[in-house]
Amino acid sequence: MGVLRSTQSMQAEVEEMRAALLHGHGGGAAAAAAAGWRPSAGDADVKRTAGGDGGAAGPRTVCVTGGISFVGFAVVDRLLRHGYTVRLALETQEDLDKLREMEMFGEDGRDGVWTVMANVTDPESLHRAFDGCAGVFHTSAFVDPGGMSGYTKHMASLEAKAAEQVIEACVRTESVRKCVFTSSLLACVWRQNYPHDRRFPTIIDENCWSDESFCRDNKLWFALGKTAAEKTAWRAARGRDLKLVTVCPALVTGPGFRRRNSTASIAYLKGARAMLADGLLATASVETVAEAHVRVYEAMGDNTAGGRYICYDHVVKRPEEFAELERQLGIPRRAAAAAAAQDSGDRPARFDLCRQKLARLMSTRRRCTYDDYYSVAFD
């Protein structure tokens with residue numbers, strides 16, 4: 001969802017995106033061009049297309065929703081490095097304006113990037129955007145920059161509805177065979193904690209789901225939205241002619257994440273002290289998250305990837321690390337909160353996060369197939 005902002009704010013974000021892109025390729029226009037992102041000549045517009053009219057259709061053509069977001073932008077960048085042709089599904093004129101100001105694209109999709117306007121709650125526009133693509137990366141999410149936490153109960157409901165529309169559009173579009181869905185680690189970690197209930201797993205892995213009632217009762221709207229959206233996606237894909245994989249990243253960090261991903265980050269950190277105490281607060285570099293998306297997508301082609309994948313780089317264990325996260329995001333740190341965080345650092349964590357499934361996939365593709373696309377259980 002787009003939000004009107006000041007020209008100065010938008011320009012600062014554009015410059016950060018441009019710098020991050022060039023830095024990722026080693027700097028310089030030549031490096032960007034070699035990877036498929038080229039500076040445009042003069043004031044060339046970003047091309048707007050509709051459905052199959054734009055971008056060469058084929059097995060290396062994919063569509064990315066939310067491609068101008070922090071994660072979506074990194075996924076597009078990584079896809080181009082892997083030789084894919086990408087359609088960016090944009091929702092607002094502001095998103096299109098950002099791309100124009102970046103001047104990183106050539107005309108008529110010559111750089112491997114095309115754009116199409118698509119509303120993730122409108123199945124017809126999604127169908128047109130996906131037509132001719134072999135796969136879809138659904139990275140878009142709803143945020144409410146006017147909200148105190150960056151995310152509201154209404155946003156959670158919208159995200160679940162959008163997930164259903166995206167999957168239905170994928171199923172309806174004949175060319176689409178695979179979908180990589182961006183969820184969150186928060187869809188795995190929030191449950192009512194019964195200290196004496198030995199049935200509750202110590203290891204938190206892809207088999208664990210957050211309890212929607214618990215999230216609702218504690219107003220953990222971001223976690224609720226991600227959990228409900230992912231469950232909705234799995235229900236919609238079950239028994240259909242579509243391969244679905246979900247990536248569940250931890251708090252996504254990286255260059256400029258305070259400006260470019262602040263609302264989602266602040267929403268993610270609601271309840272962070274409890275996660276810190278339980279050993280469940282983790283971070284993931286945006287580059288790691290993007291690479292995970294592409295790697296699972298490619299592994300889906302030979303049935304060596306399926307189900308859910310938890311993605312993180314680092315588990316935050318010390319109060320000092322948590323304080324630094326808050327500082328980077330500009331979150332006021334109250335004395336009581338600081339004391340609570342300090343106390344949590346003195347207690348052993350009750351849970352262990354597990355990322356072995358993704359680690360195995362990222363380390364090698366030469367392994368036996370053991371995943372089942374429709375074995376995800378949450379009911």
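Using the three backbone atoms N, Cα and C, a Cβ is placed for every residue, glycine included.
Taken from Swiss-Prot, the feature active site, proton donor covers K226, and the record attributes it to similarity to another entry. K226 (active site, proton donor) falls within a helix when secondary structure is assigned with DSSP. Note: K226 (active site, proton donor) has non-local neighbours E159, S183, S184, L186, A187, S210, i.e. same-chain residues 6+ apart with C-beta under 8 A of its own C-beta.
Under a cutoff of 8 A between CB atoms, and with a sequence separation of 6+ in the same chain, the neighbours of G66 (NADP(+) binding site) are G72, A89, E91, V120, H138, T139, S140, A141. The NADP(+) binding site feature in Swiss-Prot is assigned to 66-72, K98, 119-120, 139-141, K226, 249-252; the stated evidence is similarity to another entry.
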Local Cβ density at A250 (NADP(+) binding site) - other Cβ atoms counted within 10 Å: 29
